Amino acid sequence: MAGEAPELSAQERAGRAFPVSWDQFHRDCRALTWRLNEVGPFHAVIAITRGGLVPAAIVARELGVRIIDTVCVASYDHDKQGDLQVLKGISEQAMKLGGGTGKGLLIVDDLVDTGKTGKLVREMLPDAHFATVYAKPKGRPLVDTFITEVSQDTWIFFPWDTALSYHPPLRDGAA
Ligand SMILES: O=P(O)(O)OC[C@H]1O[C@H](OP(=O)(O)OP(=O)(O)O)[C@H](O)[C@@H]1O
Ligand code: HPA
Ligand SMILES: [Mg+2]
């Protein structure tokens, strides 16, 4: 409608940018593993794709877990959240390992933001341990273990979504 303000994306609503390098992400995943090592052992890691795949690989390597399954959930189209879609559920084999409720399973994702994705997966595996590398306040209560909290108005830029690029000097008008 004419005169109506355009809908802001989640990233636009989030005023601050928090870019994370591969190095930093690896360090944060290792720090997460230190905490998880106190809680395990775990029979299997369940990665929430796609963002959970990278931390899941690092965490599983550090914890010596060789069984990794995925639950494939899509909600954000770039930075706009739509309805959650479960594109692939948890395998029967992983379900069995978790006794049907997720006991002894470790769910891993890169972050919780509104918590909608985490809530959906927690409902599938109520007794699993849920770990994320980063957490925003709205999603934080859903997570059992995380490393860094960032404010709700922050947008995290992951290294697999970004690339190094030229930045003009301040005197040329760079922000
Ligand atoms: O707490 P929420 O508000 O639900 O947001 C968190 C989810 O959003 C992102 O996934 P996304 O749906 O963008 O898919 P992707 O992992 O494939 O990038 C992120 O990886 C989390 O899974
Ligand atoms: O802050 C974020 N960064 C990247 N992807 C996301 N998906 C939900 N929130 C975020
Ligand atoms: Mg995701």
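Backbone N, Cα and C define each Cβ position, glycine as well.
Residues annotated as domain 'Phosphoribosyltransferase' in TrEMBL: 21-166. As annotated by TrEMBL, 5-phospho-alpha-D-ribose 1-diphosphate binding site applies to ARG50, GLY51, ASP109, ASP110, LEU111, VAL112, ASP113, THR114, GLY115, LYS116, THR117. According to TrEMBL, the Mg(2+) binding site annotation covers ASP110. Positions annotated as xanthine binding site by TrEMBL: ASP113, ILE156. The annotation guanine binding site is assigned in TrEMBL to ASP113, ILE156. Look at TrEMBL and you will find ASP113, THR114, GLY115, LYS116, THR117, TRP155, ILE156 tagged as GMP binding site.
Positions of TrEMBL features highlighted on the structure.
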residue	record	Cβ contacts under 8 Å, 6 or more apart
ARG50	5-phospho-alpha-D-ribose 1-diphosphate binding site	CYS72
ASP109	5-phospho-alpha-D-ribose 1-diphosphate binding site	ALA47, ILE48, GLY51, GLY52, PRO55, THR117, GLY118, VAL121, PHE130, ALA131, THR132
ASP110	Mg(2+) binding site	GLY51, GLY52, VAL54, PRO55, THR132, VAL133, TYR134, ILE156, PHE158
LEU111	5-phospho-alpha-D-ribose 1-diphosphate binding site	GLY51, THR132, VAL133, TYR134, ALA135, LYS136, GLY139, ILE156
ASP113	5-phospho-alpha-D-ribose 1-diphosphate binding site	ALA10, LYS136, LYS138, GLY139, GLN152
THR114	GMP binding site	GLN81, LYS136, LYS138, GLY139
GLY115	5-phospho-alpha-D-ribose 1-diphosphate binding site	LYS138, GLY139, ARG140, PRO141, LEU142
LYS116	GMP binding site	SER75, GLN81, LEU84
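Look at the binding-site residues THR117, TRP155, ILE156 and count other Cβ atoms within 10 Å of each Cβ; TRP155 has the fewest. Residues ARG50, taken from the binding-site residues ARG50, TRP155, ILE156, are distinguished by a CB atom under 6 angstroms from ligand 1. Residues from the binding-site residues list (ASP110, ASP113, TRP155, ILE156) with a C-beta closer than 6 Å to any atom of ligand 2: ASP113, TRP155, ILE156.
DSSP gives THR117 (5-phospho-alpha-D-ribose 1-diphosphate binding site) a helix state. Confidence over the domain 'Phosphoribosyltransferase' (21-166), given as mean pLDDT on the 0 to 100 scale, stands at 95. Across the range of the domain 'Phosphoribosyltransferase' (21-166), the DSSP-based residue counts are 48 helix, 49 strand, 49 coil.
Binding of GMP is attributed in the record to ASP113, THR114, GLY115, LYS116, THR117, TRP155, ILE156, and the widest Cα separation among these residues amounts to 17 Å.
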